[in-house]
Amino acid sequence: MKHLIAPSILAADFANMGRDIQMLHESNADWVHVDVMDGRFVPNISFGFPVLKAIKPLTDKVMDCHLMIVEPEKYVEAFAAAGADIITIHYEATNHLHRAMQQIKATGAKAGVALNPHTRVDLLFDILEEIDLVCLMSVNPGFGGQKFIYSTLQKVRDLKAEIERRNLTTKIEIDGGVGLQNAEVLLQAGADVLVAGSAVFKADNPKDMIDKLKQVGAEKVI
Ligand SMILES: O=C(CO)[C@@H](O)[C@H](O)COP(=O)(O)O
């Protein structure tokens, strides 16, 4: 499968969000990555489902919602109703991951799990069949513009090997510090989706940067 690019609107200009979504709509981006932060699970507050609801009608791109919030189960239906196509919750934020995956899928959305940099990928293996997307955090969640944590690479390889061994369709998404400097090595390790915030929105030409990230075409070898 050709890899997908999901620009993170955490790095967009919040005063011109409509303009930035229009830019993504016209671009070759595959998904729009929506980072929801509550000031409790992470030490930052971004935006919630009212913003998702406002941007949803502006594009038909997949809305990839990453909930960095405590008690995510309380808000799954609200995010689905606001237009989330993928709802990703944190492993570290729930005691009932299997049930939460079922809850998300019951809304019609795809179900994702995000792992903080310190959380082992094998903790997901018992319920991997239930997970549509694993988002491996390659920075500590909460802020854009951080440095990529290189130990993520081995996690990508280990997870990819397990997904292929079991012939599953679970996608691997990498989130944090991703750009042209590490896209190729991430794809070689087995990544399917690259989230890029600063790399896209701080570029002189964001649409060109999206094209460049899409063109990184390494053969996947594990
Ligand atoms: O979830 C997060 C941060 O918590 C990410 O989605 C960042 O928004 C990615 O930003 P860059 O590292 O690409 O600037």
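From the backbone N, Cα and C atoms, a Cβ is placed for every residue, glycine too.
If you look up TrEMBL, you'll see Ser8, His66, Gly142, Phe143, Gly144, Gly145, Asp175, Gly176, Gly177, Gly197, Ser198 marked as substrate binding site. When Cβ atoms from all protein chains are considered, those within 10 Å of Ser198 (substrate binding site) total 17, not counting its own.
Within 10 Å of the C-beta of His66 (divalent metal cation binding site) there are 29 other C-beta atoms, taking all protein chains into account. Per TrEMBL, the feature divalent metal cation binding site maps to His33, Asp35, His66, Asp175.
Non-local neighbourhood of Asp35 (divalent metal cation binding site): Ser8, Ile9, Leu10, Ser46, His66, Met68, Gly144, Gly197, each in the same chain, at least six residues away, with C-beta under 8 Å from its C-beta. Annotated active site, proton acceptor per TrEMBL: Asp35, in sequence order.
The DSSP secondary structure for Asp175 (substrate binding site) is strand. Here TrEMBL flags Asp175 as active site, proton donor.
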DSSP three-state assignment for His33 (divalent metal cation binding site): strand
C-alpha spacing of His33 (divalent metal cation binding site) relative to Ser198 (substrate binding site), in angstrom: 12
